[in-house]
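> Dumping the structure here so I can ask a few things about it.
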Amino acid sequence: MSKSVQLIKDHDVKWIDLRFTDTKGTQHHVTMPARDALEDDFFEVGKMFDGSSIAGWKGIEASDMILLPDDDTAVLDPFTEDATLILVCDIIEPSTMQGYDRDPRAIAHRAEEYLKTTGIGDTVFAGPEPEFFIFDEVKFKSDISGSMFKIYSEQGSWMSDQDIEGGNKGHRPGVKGGYFPVPPFDHDHEIRTAMCNALEEMGQTVEVHHHEVATAGQNEIGVKFNTLVKKADEVQTLKYVVHNVADAYGRTATFMPKPLYGDNGSGMHVHMSIAKDGKNTFAGEGYAGLSETALYFIGGIIKHGKALNGFTNPATNSYKRLVPGFEAPVMLAYSARNRSASIRIPYVNSPRGRRIEARFPDPAANPYLAFAALLMAGLDGIQNKIHPGDAADKNLYDLPPEEAKEIPQVCGSLKEALEELDKGRAFLTKGGVFSDDFIDAYIALKSEEEIKVRTFVHPLEYELYYSC
């Protein structure tokens, strides 16, 4: 009996919710009666849908596509009144019954399979740490009459002199003052706990939760690592849980990289390692306990860092986070335990846990694409023995200009990142993991956003130039 059928029978499930992720990382769903999943061929034939309605996918002349549910992903939805079973789906091309070339989950699957063909390893593990803000209310608009946004947060540092219903209690983190405070300074302990309870209920293993550095409600929930595709699935589930619990509490959550000017943004540090025959290939006798394989993996990420930014930092807003002075790693260098480097080697108690941590990605990234791209960059480093050079065991934020200019940096804008992705794509197309067709479509899709933001009249321009 399949996992789905067992859950349907055990919990009297009424509905199944088929979910998939588009190119930008947005989740979509369609809901159908649970009885359909009891049919013998459901997991072979799937459900038809209109692919032309998904940005960056099909044209209207060839729009039919298939949602093929993955039985291993079956989990009960804790937020629905009627018992509902969530199933993550792969996108299938009806003409070939193969995975759709532009499906991000299919790309992540191909990256895992490509790893096996290289002989370097058979399993890749990913452990992302997506940060997020929880606000009380947000208002924004952008049209021909003007543009604005306004954040309402009782715990914002700017609220100390404001009238608040029930009284202003005064306990709130200041700018860059929110790391690890206890309640009542940590206003979000209970809501994070509710999020963690929901994640555990959905099969994820929570390791830690805490308030993060920024004021106004920056938070993090740490969940146990997993294999690449499964971890990307779990990131999407975590986002779903965070948004829905916040909504249930009458609040609103965001994973945008830099919602506040003048305070830390939200990153998504990604821990990675490769195993072969059950052994961690990153453990060795070199720098910080790393193997030569791990150092070459780091070398690949550093070499392709700017091209990677197109997937790991895919928003114009990403580059408002990637600036010096806000704990964002802009230098493409590596170091043990040095959080100013873009690649860190965390301290571990056992060689089994040896890994690298890429610190420049952010949670606007599509996790399937970001994890797959990081893996492909690392594999290229291993295959071509790209050594990363000496470790940067110093505070890179304080380097004098003449030293800083010798260290490569991440991109400074989405436009630059897309240009670097375009010209540096060769490492991604190995083994057919990313296709040129997909990369072209992705660049076109993200370029539309970049052009819109770049050409839109900004409120700050009125402040700077209205009286010229």
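Here the Cβ of each residue, glycine as well, is placed from N, Cα and C on the backbone.
Dumping what Swiss-Prot says about this protein:
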type: BINDING; residues: E129, H269, E357; note: Mg(2+) 1 binding site
type: BINDING; residues: E131, E212, E220; note: Mg(2+) 2 binding site
type: BINDING; residues: E207, H271, M272, S273, R339, R344, R352; note: ATP binding site
type: BINDING; residues: N264, G265, R321, E327, R339, R359; note: L-glutamate binding site
type: DOMAIN; residues: 11-96; note: domain 'GS beta-grasp'
type: DOMAIN; residues: 104-468; note: domain 'GS catalytic'
type: MOD_RES; residues: Y397; note: O-AMP-tyrosine
> C-alpha of E212 (Mg(2+) 2 binding site) to C-alpha of R339 (ATP binding site): distance in Å?
15
> Does anything in the same chain, at least 6 positions from R339 (ATP binding site), have a Cβ under 8 Å from its Cβ, and if so what?
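Listed in sequence order, they are E327, P329, R359.
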> Where the distance is taken from Cα to Cα, which of the binding-site residues E129, N264, H271, M272 turns out closest to Y397 (O-AMP-tyrosine)?
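Among E129, N264, H271, M272, N264.
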> Tell me whether E131 (Mg(2+) 2 binding site) sits in a helix, a strand or coil according to DSSP.
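Reduced to three states, the DSSP call for E131 (Mg(2+) 2 binding site) is strand.
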> Inside 10 Å of the Cβ of G265 (L-glutamate binding site), count up the other Cβ atoms and send me the figure.
26
> Under the DSSP assignment, what numbers of helix, strand and coil residues are found in the domain 'GS beta-grasp' (11-96)?
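Each residue of the domain 'GS beta-grasp' (11-96) counted once, the result is 19 helix, 36 strand, 31 coil.
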> When you rank E129, N264, G265, R321, E357 by Cα distance to H271 (ATP binding site), which of the binding-site residues ends up on top as the closest?
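Looking at Cα distances from H271 (ATP binding site), the smallest one goes to E357.
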> Distance between S273 (ATP binding site) and E357 (Mg(2+) 1 binding site) at the Cα atoms, whole Å?
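That separation, Cα to Cα, works out to 9 Å.
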> Are any of E129, G265, R344 (the binding-site residues) within 10 Å of E220 (Mg(2+) 2 binding site) when you go C-alpha to C-alpha, and if so which?
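Among E129, G265, R344, the ones whose Cα sits within 10 Å of that of E220 (Mg(2+) 2 binding site) are E129.
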> In Å, rounded, how far does the Cα of R321 (L-glutamate binding site) sit from the Cα of E207 (ATP binding site)?
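A Cα-Cα distance of 26 Å.
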> According to DSSP, does E212 (Mg(2+) 2 binding site) sit in a helix, a strand, or coil?
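In three-state terms, E212 (Mg(2+) 2 binding site) counts as coil.
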> If you skip the near sequence neighbours and keep only those at least six away, which residues in the chain come within under 8 angstroms of R352 (ATP binding site), Cβ to Cβ?
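Sequence-distant Cβ neighbours: N280, A283.
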